[in-house]
Protein chains: 2
Amino acid sequence: MARSGQKLQIFALGGLGEIGKNMYVVRYGDDIVVIDAGLKFPEDEMLGVDVVIPDISYLVENRDKVRGIVLTHGHEDHIGAVPYVLRQLNVPVFGTRLTLGLVGIKLKEAGLASQARLQPVTTESVVRLGSILVTFFRVNHSIPDAVGVALTTPEGVVVHTGDFKFDQTPVDGLHADYQKMADLGRSGVLALLSDSTNAERPGYTGSERRVGENLKRIFKQTRSRIIVATFASNVNRIQQIFSAAELTGRKVAIVGRSMVNVVGIARELGYLKLDEARLIEPEEATKLPPEQVVVLSTGSQGEPLSALARMARGAHKTLSILPGDVVILSATPIPGNERFVARVIDALFRLGAEVIYGPASETGVHVSGHGSQEELKLMLNLIRPKYFIPIHGEYRMQRRHALLAEEVGIPKNHIFVLDLGDVVEIQNGVARLGPRVNAGQVLIDGLGVGDVGNIVLRDRKLLSQDGILVVVVTLSKQKGTILSGPDIISRGFVYVRESEPLMEEATRIVTNTLNRLMTENVSDWSSLKNNVKDALSRFLYEQTRRRPMILPIIMEV
Amino acid sequence: MARSGQKLQIFALGGLGEIGKNMYVVRYGDDIVVIDAGLKFPEDEMLGVDVVIPDISYLVENRDKVRGIVLTHGHEDHIGAVPYVLRQLNVPVFGTRLTLGLVGIKLKEAGLASQARLQPVTTESVVRLGSILVTFFRVNHSIPDAVGVALTTPEGVVVHTGDFKFDQTPVDGLHADYQKMADLGRSGVLALLSDSTNAERPGYTGSERRVGENLKRIFKQTRSRIIVATFASNVNRIQQIFSAAELTGRKVAIVGRSMVNVVGIARELGYLKLDEARLIEPEEATKLPPEQVVVLSTGSQGEPLSALARMARGAHKTLSILPGDVVILSATPIPGNERFVARVIDALFRLGAEVIYGPASETGVHVSGHGSQEELKLMLNLIRPKYFIPIHGEYRMQRRHALLAEEVGIPKNHIFVLDLGDVVEIQNGVARLGPRVNAGQVLIDGLGVGDVGNIVLRDRKLLSQDGILVVVVTLSKQKGTILSGPDIISRGFVYVRESEPLMEEATRIVTNTLNRLMTENVSDWSSLKNNVKDALSRFLYEQTRRRPMILPIIMEV
């Protein structure tokens, strides 16, 4: 029962207008529930940045109201920011066993394992967070133990699908919980937040089982060694690779840190079945006959430091590609990674390997974990929400998802295509846009959280384009003469040995500029520096059409 | 008739193991013929580099033997390096009218228009270059006036397809010259070099005409303003856009420098037909009713500086996107450009435009200019070469093309999958790999040709990741004390105002290091600098996990 004056607020701190760093917030009165806390990998122009997380200043300002973080599944873009958030907010974290298992790895690495309050839930759990009641329903995704979340608030029920597809023949036999979703729809849902990742893709996303059948076929046909690269978190895929290995009497070697981690935790928790005897160390793999070996590896995205990329350039400590090896890329490149993947494929071919790659539709060795248009419409029709908010996608995907919602009959003015920080307020059953909250991104570079901002990135960009020149000169002001220098040191500008005349001329120009200024009795630092900067910059641009950063260091004695 | 002792050599200075900077060389005795001279756009890690051209040191060393450069068509990756080559080699350049027209634009910009020896050819031309006779045959491609080349040498005939597809219903009505190709095949071809771009793609590439039909349909259905972005060089596509405009009574505004250039030259040479009255200035477009306007724009690859990208971020000088505008992306992203294109699409949607984008197979507003597997096999069967060299593709594409050649019956040992600089030598009808020639890439940054090498790029990479710290200190050696400083100036490292304690501590560490060294009477420059570098670098890595470049500047008075 809604309390007078209170209202329901729904917004995102991450995951809108982007794929990654998912973080959604549902607030009723003084109770805040956070759904997911993910990270994102940096855009090309975020030079030197390691990862990007949501700006959680809103949560920090309202720390006393945050009742907990609810995780939908164990992918980086949903759990990757948990350690950073817990450093600033000491709140309980709810998730299914596998999800919390994966979070546990991160917390250990961050040295937060002891103080974190991880609370396992099942699809049967009911969690009360202040005035908000949280229940869960199973969905299919490219990682087991993925759930959607239903939040019952005094204003009504809010449903968040998490990442989902409808797999009618799931590998683990666990179907999406159609009945629970249908019940939610029957009893009335105020607002639905649904995964827009594949909103541009017509039809249905295929079943993971089909991938398993294709892998088995390839394993059977292959007489040489097999190397399969896939996402470490795709536990069901890994299970199917294990099964194919068992079927064809191959031992399994696992390479790549994240792969070892995930397989370890997943086996420990019983999400992966493979008898101990079948697992071998990479070293052993080099001794066994090729046809008795399958290597399970990271690097399906061509990441230069991944195990597969190392093998491809002959830089892996134990494994090297043998002519005849069959390499299966059981994944598709995430936009932006195409070049990396292509390079790895070419390098593997050059080493004589046979590579199975290309559109999943042709190879059959990969399938998306996100539902396509027909599945998104099915979700909308199961939940039958009054209001709809497409989430988890770039703007065009959210927009496409909105059109799908209109197709299934949701009125246009009940659909909210939001940006980060836009707030949907619902009171007495009526939704409207409320005042925005603070939202954005925090860049993480090494141990630095947020100390890399636009100025730093602008400088890195400048430095990366044309390098830097440092001009060092010592003046005697009373004498009005140059005592030492100017010395010009350049980095990333030109290959100096080939450009001596250029640098000599540059030095002359600095000298002349300074002498002129001193005879004109110009003596304040900034004018001296700026004049040197401008003169040098103009000269270098004329000569080279480049604009290196120029750092004049003028000293006096 | 082959001369005793002489041999035929075939190799590539660009275009193998890559898409771009095509340059192939056919040499018989002392006669060298160069086919194409293209550029390539830099890889992500070539920071600050503008374009990449082939290393032509082989041609420069043999300048007296180079008889000419033969161009197959007017795309950047085939003609873009001509100005750079002509600066080092004064040789005649042969090409069809449109191709030379486009080369002319580049030569004018480079100030080489006067001295260049451009020699127009037609498909009927016969050009004697020393002992090599060059003839031409028409092919279909995404630019008119594209030809393949047949080189009759004393050792036999070498055929180079250029970039091609077989369009059975070409827009300009000019079919590929099947008869000539068949004749070549009948009379016997020693070696074929063929375009591998789409060797991974099954079936046939569609006809350009189909694109025109779809564009007309969209133009007819649309009541608002239309903006079409495509490759400036795709003259046939542009003609179809003009025709659709005429059909629906729209005026055409052209934006984007390269689009203006190409349309200008193509109309001048009669490859584009559009009555003057229909062309309008961008300014006019803003005044006419939307349904009477189509804007033809660059930016189909999302290039940040292109006209379309400027419009998308509201930064174009004359045109701004209006709600309801229909934007047609009549192209597919070149691998590596996906993110740029996606951003532009999202920005356009945010401005209320309707964007037609996505897989060409779905939108029907684009088609590749390169033949797919069935077309590549058809070419092989028309030419029936003794030896086959797949060119113009990344390694996996060359390899795939080689497999297609085997399928149509060319013996494996008659197929050469080459790297740049690998030489196929043919003597008395027998081909073998000869000694390699010098080949590689030259990076162009501004006016600098080749002065950006690995050292410079490594520094730029370093600078782009963690920035730079300059440490300035003045010592008095006889006193063994620090006179001034150390002052630490950082760029691209941390946002200084938030990191004062860090920088203060860093300064202390430099001071202590120097004092220690001076009390130990260590006084040679390099030890002082290296010790400062190491101490500071260690400290900063512990504190920040970053490794900025450190530049110690130690002076004495």
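Keep in mind that glycine also has a Cβ here, set from the backbone N, Cα and C atoms.
Annotations in TrEMBL come from automatic prediction, not curation.
A quick note: this is a predicted structure, and the numbers were derived from the prediction, not measured.
According to TrEMBL:
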DOMAIN    A:20-215  domain 'Metallo-beta-lactamase'
BINDING   A:Gly48, A:Asp50, A:Asp445  Ca(2+) binding site
BINDING   A:His73, A:His75, A:Asp77, A:His141, A:Asp163, A:His392  Zn(2+) 1 binding site
BINDING   A:His78  Zn(2+) 2 binding site
ACT_SITE  A:Asp195  active site, proton donor
BINDING   A:Ala232, A:Ser233, A:Asn234, A:His366, A:Val367, A:Ser368, A:Gly369, A:His370  substrate binding site
ACT_SITE  A:His370  active site, proton acceptor
Could you check what DSSP calls A:His392 (Zn(2+) 1 binding site) once collapsed to helix, strand or coil? coil
Recorded positions clustered about A:Asn234 (substrate binding site) [Cα within 10 Å; pool: A:Gly48, A:His73, A:His78, A:Asp163, A:Asp195, A:Asp445]: none
Take the binding-site residues A:Gly48, A:His366, A:Val367, A:Asp445 and keep those with a Cβ under 8 Å from any chain B Cβ; what remains? A:Gly48, A:Asp445
Cα nearest A:Asp50 (Ca(2+) binding site) among binding-site residues (A:Asp77, A:His141, A:Ser233, A:Val367, A:His392) -> A:Asp77
Of all C-alpha pairs drawn from the substrate-binding set A:Ala232, A:Ser233, A:Asn234, A:His366, A:Val367, A:Ser368, A:Gly369, A:His370, the farthest apart lie at a distance in Å of 17
Taking all protein chains shown into account, the Cβ-based neighbour count within 10 Å for A:His370 (substrate binding site) is 21
State the count of C-beta atoms found within 10 angstroms of the C-beta of A:Ala232 (substrate binding site), not counting that atom itself. 26
Which one of the binding-site residues (A:His73, A:His75, A:His141) has its C-beta surrounded by the most other C-beta atoms within 10 angstroms? A:His141
Starting from the Cα of A:His141 (Zn(2+) 1 binding site), work out which of the binding-site residues (A:His366, A:Ser368, A:His370) are within 10 Å. A:Ser368, A:His370
Report, as a single number, how many Cβ atoms besides its own are within 10 Å of the Cβ of A:Val367 (substrate binding site). 21
Cβ within 8 Å of the mean position of the Cβ atoms of A:His73, A:His75, A:Asp77, A:His141, A:Asp163, A:His392: remaining residues of the chain near Zn(2+) 1: A:Asn22, A:Asp36, A:Gly38, A:Thr72, A:His78, A:Ser142, A:Ile143, A:Ala146, A:Gly162, A:Asp195, A:Gly369
Just to be sure I understand the packing, how many Cβ atoms besides its own are within 10 Å of the Cβ of A:Asn234 (substrate binding site)? 24
When the Cα-Cα distance from A:His75 (Zn(2+) 1 binding site) is computed for each of the binding-site residues A:His366, A:Ser368, A:Asp445, which gives the smallest value? A:Ser368
